[in-house]
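Feature annotations, reproduced from TrEMBL:
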ACT_SITE  393  active site, proton acceptor
BINDING   252, 315, 316, 345, 346, 347, 348  ATP binding site
BINDING   346  Mg(2+) binding site
BINDING   391, 392, 393, 428, 435, 436, 437, 491, 519, 525, 526, 527, 528  substrate binding site
BINDING   697, 754-758, 792, 799-801, 855, 881, 887-890, 961  beta-D-fructose 2,6-bisphosphate binding site
DOMAIN    245-550  domain 'Phosphofructokinase'
DOMAIN    629-912  domain 'Phosphofructokinase'
REGION    1-617  region 'N-terminal catalytic PFK domain 1'
REGION    48-69  region 'Disordered'
REGION    628-1007  region 'C-terminal regulatory PFK domain 2'
């Protein structure tokens, strides 16, 4: 029998990255009689409630720090600090094999754990009605009947019953085993996290637990020790050893390219590869020399907020020839580069694929010419290619959005909003020409988001005789009281015969036939300029990380791929499949198969077009509907609410329904503030922020009787509630009251609209994109203010309640050094590590820092506390400033995404409600009492889904107003890696290779 001690380093500092990993790697297969965990020194002997990782809590009259296990050293007194003290488990009688690496503990040890008072339920089962009753806090009853730490973040604080007492290590150690200590009320050892310093692990809502590395057969799965974490981190940091990755931008520039260059560079360096920046695109690749430079971490600092591309882009005729590609191959081989990341459009990516297919022949020719040796050719025998699509036109089939598209839409909508004000003043008609020679995406989405009166896109030319119809509609709009007309035209617009339609032709037509004062505005390259939007920054960062992972996993048999965006996930698509479908669209347009061209653009494009045609002009309903719907806003105002109300009103009128709007939410419904509206009553609402209807946080339970009375009075049979968590909670209260009030047996739907993005049932809420952009723009200005001030750290507080979405996504978009959120618990040790990280950063050329804090991330670690801590610990190195962004995050005009999203949600919600009303309508009345007649509409991964509020109740933390599962927590790995924290990426979810076919294009992928 053997006894082995596993040491952990002192003071929370890992002396070397291999130090802890080798302990596990070198273990032989042995029979253990004792397993000893040696925890680090901080807090070991402080009898303090404030130290959740304390291994010795209050002594019991002896003045000694006590701990479980038979061999606790008696010399540790109160206040004593020692490098180590061991906690030993006596496994006599429970022998079994113990193997590392491989993460396995024998079933005999499992039996030992059970004998010591531990119950290990199967696969996330919760015993005795949950764990919170068994985990009352740090100094209450012992923690028993713990649940296993299922894959995924082990979040404590009672957020999820399956995760309640499992420690607070979201993302850090999600697959470890956490079981109670042998002695009730004592802590045998610290729970150590993955890839970070051991003492900084797991603040833990339940410090009386012990984290056991490895797997307990028959019960608990996991591998979460610091030693294994260090080994995993070491393997990750060596994954790219010997690799050389080059990144270039080619073709037309697009906002967000710099964020992609930054992510590829830093991820490549993070995995141990050499990364080279190729300046001036393919021209620099062909010319070589100083155009190819090795990058370091700081080479891409402070570029994420810049438009264009800092490494330059140029179209290169030489690269289109074999001689030019031969020179390019020679330049790559000279630097040992066999992995190429190309950021550009379909032409640039097609050229990269040709380069890859010719690679072997090019090297043979270089060998024949004596320019390289055969050994060098063998060493560089294969070229891996990965592409990121950078194009503001969004003309690449297979991807939801390309880099730069969202930012270009921002520029367009800024111009449209500005033109709207002057057009109203002078009763003018404006013709706006936007980019899109072969693709009408920018024109289509900007037309949908602005409520344009007429729209020209190349994929769907107008019918013959369109001139008469357009002028008729423009005149009808003016006759109903409108003071302006907006016409949007893509630069590649054509008629049915293929003849181009120019903006000047449209202007002359309106002047001659209607006599309206008409102006033409050609946006041109304004659409390419400016700072990238938050969406483009995050999208580019995600795609850049995924590109490096794709290169790491590439083999000679792997086809060249494009990293794409589908829903909220990164995917990999075969490059030439995407290029072929993109060419098929142009071929269909050339052959005048326009309906097929729209289908080939994808289901999202087709939906945009159909919804625009529905809402652009009023169409009389085929018959009057017997149904009455009411729309109200609830909770705090959020950008996009008005867009949702407008589309819901107009589609309801198209359906023949009677449509009411309610002022001031549920309180207004109780007071009878209800009025019927028509088509033109909501004109001009698309671009307005806030809530035109007015909104309050009042919940129905405070005025249920009066609400029921007005529902009866106005004969309301469908209720569309647009708002945040209060809207969801309010509808849930109405549903639960159906048994008492028959009038509430109506169809109800919630459109999530809150900057916090905390409504269950959806990945994105209306208003969150606008809020992220508002916070991002403020942080950009804050960072810029430090450009002339050396060594300054800004502590910025964001809104969001307990939900950290706003802080996390803003942190990624601005390149923050840290973002503190409630869902990712932290302790004073984490704060100390962040201060040390910033201290090291100040020694570089980048002498400024940005730290974001969600407003309710911690009860005690307030913004003022962080300011004082950073100021004190950084004294003499850097100074601090506080910025509380406050309600500016709720204001402003909606972003293109929120306008578009709100418009579509409004349409889809009403169509769903109409269908449900038909199903529950019988004998002249509506009676809806099933759970599926009251739902939350939301975008979940790739599709729009309707989730019953009664089902969502099961996965909601009402105390903290949060869903129990939040997809965006995975983004925090990217935030920490790009900030240069030493973390393991074992929880990183790599994109899967998907094929692009007509069937996949027909699947709705959201908006």
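Just so it is clear, glycine is given a Cβ too, placed from its N, Cα and C backbone atoms.
The shown structure was predicted, so the numbers you read here are calculated from the model rather than taken from an experiment.
Those same-chain residues not listed among 252, 315, 316, 345, 346, 347, 348 yet with C-beta within 8 angstroms of the centroid of the ATP site C-beta atoms are 250, 251, 344, 351. Residue 801 (beta-D-fructose 2,6-bisphosphate binding site) sits 35 Å from residue 528 (substrate binding site), counting Cα to Cα. Among the recorded positions listed here, namely 393, 792, 890, 393 has its C-alpha nearest to that of residue 316 (ATP binding site).
When the neighbouring Cβ atoms lying within 10 Å are counted for each of the binding-site residues (252, 345, 347, 801), the highest count belongs to 345. The binding-site residues near residue 391 (substrate binding site), taking a 10 angstroms Cα-Cα threshold over the set 252, 345, 346, 347, 348, 887, are 252, 345, 346. Residue 346 (ATP binding site) sits 11 Å from the residue listed as 'active site, proton acceptor', counting Cα to Cα.
The highest number of surrounding Cβ atoms within 10 Å, among the binding-site residues 437, 792, is found at 792.
Each of the binding-site residues 348, 391, 756, 890 was scored by the number of other CB atoms within 10 Å of its CB, and the largest score is that of 756. The sparsest Cβ neighbourhood within 10 Å, among the listed binding-site residues (435, 526), is found at 526. Candidates 315, 345, 393, 887 (recorded positions) were compared with residue 435 (substrate binding site); those inside 10 Å Cα-Cα are 393. Spatially, by CA atoms, the binding-site residues 252, 347, 697, 792 include one closest to residue 528 (substrate binding site), and that is 252. Confidence over the domain 'Phosphofructokinase' (629-912), given as mean pLDDT on the 0 to 100 scale, stands at 94.
When each of the recorded positions 346, 393 is scored by how many other Cβ atoms sit within 10 Å of its Cβ, 346 comes out lowest. Reported as a whole number, the C-alpha separation between residue 887 (beta-D-fructose 2,6-bisphosphate binding site) and residue 526 (substrate binding site) equals 30 Å. The shortest Cα-Cα distance from residue 756 (beta-D-fructose 2,6-bisphosphate binding site) to any of the binding-site residues (315, 345, 519, 526) is found for 526.
Over all protein chains present, the Cβ of residue 315 (ATP binding site) has 15 other Cβ atoms lying within 10 Å.
Across the residues annotated as binding substrate (391, 392, 393, 428, 435, 436, 437, 491, 519, 525, 526, 527, 528), the two Cα atoms farthest apart lie 32 Å from each other. Within 10 Å of the Cβ of residue 528 (substrate binding site) there are 19 other Cβ atoms, across all protein chains. In sequence order, 634, 635, 636, 665, 726 make up the list of same-chain residues 6 or more apart from residue 697 (beta-D-fructose 2,6-bisphosphate binding site) whose Cβ falls under 8 Å from its Cβ.
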